Amino acid sequence: MEAARVGAQSRHLYGGGLGEPDMDRRDKRLFGWDLNDWRWDSDRFVATPVPAAEASGLALNSSPSSSEEAGAASVRNVNARGDSDKRKRVVVIDDDDVEDDELVENGGGSLSLRIGGDAVAHGAGVGGGADEEDRNGKKIRVQGGSPSGPACQVEGCTADLTGVRDYHRRHKVCEMHAKATTAVVGNTVQRFCQQCSRFHPLQEFDEGKRSCRRRLAGHNRRRRKTRPEVAVGGSAFTEDKISSYLLLGLLGVCANLNADNAEHLRGQELISGLLRNLGAVAKSLDPKELCKLLEACQSMQDGSNAGTSETANALVNTAVAEAAGPSNSKMPFVNGDQCGLASSSVVPVQSKSPTVATPDPPACKFKDFDLNDTYGGMEGFEDGYEGSPTPAFKTTDSPNCPSWMHQDSTQSPPQTSGNSDSTSAQSLSSSNGDAQCRTDKIVFKLFEKVPSDLPPVLRSQILGWLSSSPTDIESYIRPGCIILTVYLRLVESAWKELSDNMSSYLDKLLNSSTGNFWASGLVFVMVRHQIAFMHNGQLMLDRPLANSAHHYCKILCVRPIAAPFSTKVNFRVEGLNLVSDSSRLICSFEGSCIFQEDTDNIVDDVEHDDIEYLNFCCPLPSSRGRGFVEVEDGGFSNGFFPFIIAEQDICSEVCELESIFESSSHEQADDDNARNQALEFLNELGWLLHRANIISKQDKVPLASFNIWRFRNLGIFAMEREWCAVTKLLLDFLFTGLVDIGSQSPEEVVLSENLLHAAVRMKSAQMVRFLLGYKPNESLKRTAETFLFRPDAQGPSKFTPLHIAAATDDAEDVLDALTNDPGLVGINTWRNARDGAGFTPEDYARQRGNDAYLNMVEKKINKHLGKGHVVLGVPSSIHPVITDGVKPGEVSLEIGMTVPPPAPSCNACSRQALMYPNSTARTFLYRPAMLTVMGIAVICVCVGLLLHTCPKVYAAPTFRWELLERGPM
């Protein structure tokens, strides 16, 4: 359970701090739950408690922070009743809004609940002065600092960072050296960068600048980008605009209702002030309905704060004045520092009407707000603007205002798959009879809920309110209220309809639910770039988020995109705007969250102007499947990136797609067709692996059949890239019954695709060798007794792969592979296989003049089908007596010749051969060479006789005909 603080007095809600072993239901909801106490079925959407004996040996599903101020640590509860297996979580939170000397007062600390993150306890309590041991064997201290605590990394600095702000502890720098112009780190004079949050050499800074040159260049470039020029639409727009942002400010306060903190009492008073003035500003919203949001605050201590009420009234009055002002007035935006919110931002919402671009106000650092976090943990302002007053509202053109609001509000958010921004690419599953589908996710944040509250028919309820049934679905949950992430594969039109008509679909969900699960408490829903907020069954907000602005988080690539199972892999995430105070990286696999960490702790050096890099190490499970990497930016980023876990050879081939993502991310190519197809392939292969895992577990989960067209497109994608291992995996899945093939057999489906013909046309000798040697595993169902692929397999027009290879230029390797098949079918049918026109592969080779093909095949025929053979007779018994002659029992050696069958001949030629038995002498004269020699000799003799003179030969004695001797040559 979590540790919490009530006022200035702190008490731990475990061990002796409670006094009672059983907590009431509200306390359990209030202080969170442990992910290791529950086993989540990602397909059935059912959470089952883990037995205590089993849970005590489990490691945390979410990896702890790599920094010394790790955000979570599980501790065991050792109380008088001996319940030592009950796990608690104690984490440290710093409140930047209070001075350091107020952190520990009267023996008590500042304890709070972090919704959606790891709860934190800082201060004294029961056992607070002792070290506790978590399941990973690491030690944490609940109260106070220790001599071995985090220290400043500057040489010679002895500042203890235990009691300072979380920002300084995370980056291991004291407040003095964070603002100093020079500091010695690693025997080098450096300076702390305010944007990179790390030390750089002095030459990387411009004079008088607190941030390095590289970060400033990227920041200035983003500021110079053109922003949409829009205009104010009138009083109705003014009211709607103010209502939206005030309501979002209210939402930010509600995200932190569960924390019993004196700081949040001001937030309660602020809610009351906002509600009192909201009706006067926005007539379309009834304050009585909004007052229902205060029901969650009833457990907080009653109190009044006149200053806070004045602040709330000032906020509303300023909003009215600015919204009703001239066209160049500022966009009203509630500042979290004055609101006392969990963090200092409010969700930016795309307005219905355009707004006006205005000059930039004095820049103040903006703190993103997270529904999962009570505090972002960063400083309130940049050091360069410490003297600047905190404005109650910020303009949309401010560089520090969330630039989601810079998007032209007249443009609807693009519908994407995963992280792709292009909608022009055709899906792998969009051809040949299957509707165009996309894989995307829906996020439900269920406040004040625990896994035991989830209804057993949760899956049916979610599927019931969708316009069409998804072909594939999986999910996972994680703490911080209950964050339920559902990945679906839906038709593109269904995604668009769900996103555009969120209100009507949520009403349908509320009306179709039999219980009060959806109709009670706070519910946040996000579909693509559309957000909705419900409270006690009433829809309070339904707005789109502007997603194409410069600060919107987006993952461009994850490397490796495929990794072997049962290994520990170092992942590298590339993207835009990945690092912020409230952003967190999450890695999930098959319904489990296997890694989560704040992005500040895993950020790497920036090698590109706009691209940021995150590195993390994660142990992978021992099964094949598909995982997701997400970066949650304040709870309002919907981007994700898939990765594959499989065998090493499969991963090596799939990782070739990394070049596509890398080129598209660095070059920012306009045509994202290749990138979208690669993403779609990863998702489709992931769904197939997920289906295989379900069948291997023999779970009776209702599954829609995997369409044959989807399977065919996966095979085409792998064949085009000559991926033998992936092709083998797909063929194995086909023979295990994962694909809906109707009444056909797997052999018929495979052979009808003519894969060997396609490999020959691609001149892929590697793929040809694999296909010729592929044979389904005999342990599988419906296996073939012989090899599936044969060189003489007939395709269209009775063409065989041998015909195609013989007629193709520069295909010697392919023909060599075809004639080296395991059954020697290729060389046997080289002269016998005939196409529809009656020609053999040898005929095609002769016609094309491919003499090299003829010679190569002829040598193989002579080698493997030669005429000579040796027969060795081995007697059944050996006789010791040797006599002359050959006896039946003796060993005999016979060298014989195979007699080929007589070639067919015509009757006329046979009669002519009988009439002229000396055919050898007769046919010898007709040889071309002999005719030439005889012709020359006849000419020489005739010339000599005609001249009647003796020819003169100067190199030898005089030649005379009468001296010429006769005889055989």
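We count from 1, first residue shown onward.
Here the Cβ of each residue, glycine as well, is placed from N, Cα and C on the backbone.
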>> Quick check: of C174, C212, which does Swiss-Prot put in the same Zn(2+) 2 site as C193, C196, H200?
In response: C212
> Other residues with Cβ within 8 Å of the Cβ centroid of C152, C157, C174, H177 at the Zn(2+) 1 site?
Replying inline: A151, Q153, V154, A159, V173, E175, M176, A178, A183
>> Can you give me the same-chain residues 6 or more apart in sequence from C152 (Zn(2+) 1 binding site) with a CB-CB distance under 8 Å?
In response: T158, A159, L161, K172, V173, C174, H177
> Which whole-number mean pLDDT does the model give the motif 'Bipartite nuclear localization signal' (209-225)?
Replying inline: 72
> Given C157 (Zn(2+) 1 binding site) and H200 (Zn(2+) 2 binding site), what distance in Å do their CA atoms have, once rounded to a whole number?
Replying inline: 18
>> When DSSP is mapped onto helix/strand/coil, what comes out for C212 (Zn(2+) 2 binding site)?
In response: strand
